[in-house]
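**Student:** My questions all concern the structure below.
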Amino acid sequence: MSFFRRPFSQREAAPGEAHQDGQDGDADVVSDGSLQFVAEKGGNDSGITYQEASGAPVESTSPMGYHANSLFLIFLNVGKMIGTGVFSTPSTILTGTGSVGVAMIWWALGFFTSASSLSVYMEYLAYFPNRSGSEVVYLEQAYPRPRYLFATAFAFQSVVLSFGSANATVLAQYLFRISGRSPAAWEQKGVAIAAYTVATLLVALHTKFSFRFTIAIGIVKVLTLVFISITGWVVLSGRTSVANPHANFENAFEGKATPYGLTNSLVKIIFAYAGYENAFNVVNEVKVVPKAELKAAAQVSASLFFQKVFGSSNATRGLNFLIALSAFGNLITVLIGVSRMIRECGRQGVLLWPRFWASTRPFGTPLGPYLVQWGFTVVVLLAIPAGDAFNFVANLKTYPNAVFNVAMASGIYIIRFRRKRLGLPRPSYRAWDVSVIFAIMVHVYLLIMPWYPPDGGPFAGDVSFWYATYVVTGIGFLLACGTYYTVWIYVLPKLRKYQLRQTVVTYENGAQSHNIVQVPNAEVERWDATHDAVGREISLETHSHSSEKEVSGTKV
């Protein structure tokens, strides 16, 4: 297809001229058939970047401020990685891999998988440094056609799967471990809901305080993990009360691994490593134990480790408290990261009520996304049996994510080809091809192998119901989204004789979003003549958008 560059305000310009500062309302546009790549500049000093016009508009000033410094970014990632997975999945992983030796290899594989995925995120960041929301933005820009397809699909699964019930459940288990008693199912659910409610209130009421709290808990998390690591080496030295400390490493590969067990273990390991990508969600806010007992330990394996080393003492309770605090910090960091992701989904215009998602009133925080996360978390905690909640939820999020991870890693090559062909600037960071290909292969594996049944039959998985329930549920989400998209984009417009167009809406505090409107077929030509590719009225382009603008057409 042919392409050409023209200024955003329709003025005459020399071929190839690129606007540098956005003054006078002009912005450079590179067109490639139906695709139009707009040069826009955010307020985070990232410079001018190009993005396809169907993506959510770049906010020239972040309505949530610029409180995210480098220290916060580090602990936003660390806080999510050192949360619940690293303390709560070793039991399932050891059981699935069959031996300590294979478990160690699988943990190393998880590291390389995460590192390769991180390189993909970093290259996307180099292309789009003024947009928060990570995967929302990257999928939207890698696959702008069919228009809104990937935006809708990812928004749907991001909202529906935004619950934090797994982490809240583990936090509740460690809190009861501190008290020294086993809770009833409804007691555990109640404590988990209460803890998640406190975490939600903390992040929803004040952004700056929640950022500082994240840093403080992050420091405690790192110190706790360092202490656990040192304790492990001390145990291996034989200077503790643990009898035969090397027993786990004698015949390290003794045991049987099954295809189902290996796949399920890799899913849990990827869940445990999750967090390395969390900082990409807030970039627009940046100014620049014994085997037998371990297998039976469920989600409190770290507590069992403390008990074996220190005995049933106050020291064990104190260390359990540190892990509970770590789990609470994980709730905070996940809430912050996912809220920005959901907000970006809402700013794309593919969800109903864009103001609800994009607005930061009254506390300067994304209150709408926080309320949605809290609501879904409470529903899942009440609906799923307590014993199955952690494993099922950890698995459920992984399968749809694998679909989007394959698409996102593959999308790197699409963006490279497209930008090179259009003569757009090269990124400041480029991932190694071997790293990108490795990420694609691992996630393709995670799409295929979960269908392989466990040796004991279809009900012998890590939950009390059918082993592949999470796979079918994840696919069901995607199919439901595809059905919604088809009806919204194709069926209704044809039946009611209108076409969908986007317009830019500006709210208080400078928050912006797209709003998808229905333009009658008879008015489409006039609409296209009076609006630019992003959706701004051409006649108003040189004026500031300080309030919500009235637009012609009917809101979707």
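Placement of Cβ uses the backbone N, Cα and C atoms for every residue, glycine included.
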**Student:** Looking at 71-93, 255-277, 278-300, which stretch does TrEMBL describe as transmembrane segment?
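**Tutor:** Here TrEMBL associates transmembrane segment with the stretch 71-93.
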**Student:** Would you confirm whether the transmembrane segment (148-176) and the transmembrane segment (188-206) meet the contact rule of 3 or more C-beta pairs below 8 angstroms, pairs 6 or more apart in sequence?
**Tutor:** yes
**Student:** Give residue numbers and ranges for long-range contacts of the transmembrane segment (429-452): same chain, 6 or more residues beyond its ends, CB-CB under 8 A.
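**Tutor:** Result: 112-113, 115-117, 119-120, 122-123, 125-126, 259-260, 262-264, 266-267, 270, 395, 398-399, 402-403, 405-406, 409-410, 412-413, 468, 470-471.
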**Student:** What parts of the chain pack near the transmembrane segment (105-127), using Cβ distances under 8 Å and only residues at least 6 beyond its ends?
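**Tutor:** For the transmembrane segment (105-127), the nonlocal Cβ contacts are 49, 93, 97, 134, 137-138, 141, 262, 265-266, 269-270, 272-273, 276-277, 280, 283, 405, 408-409, 412, 415, 419, 427-432, 435-436, 438-439, 442.
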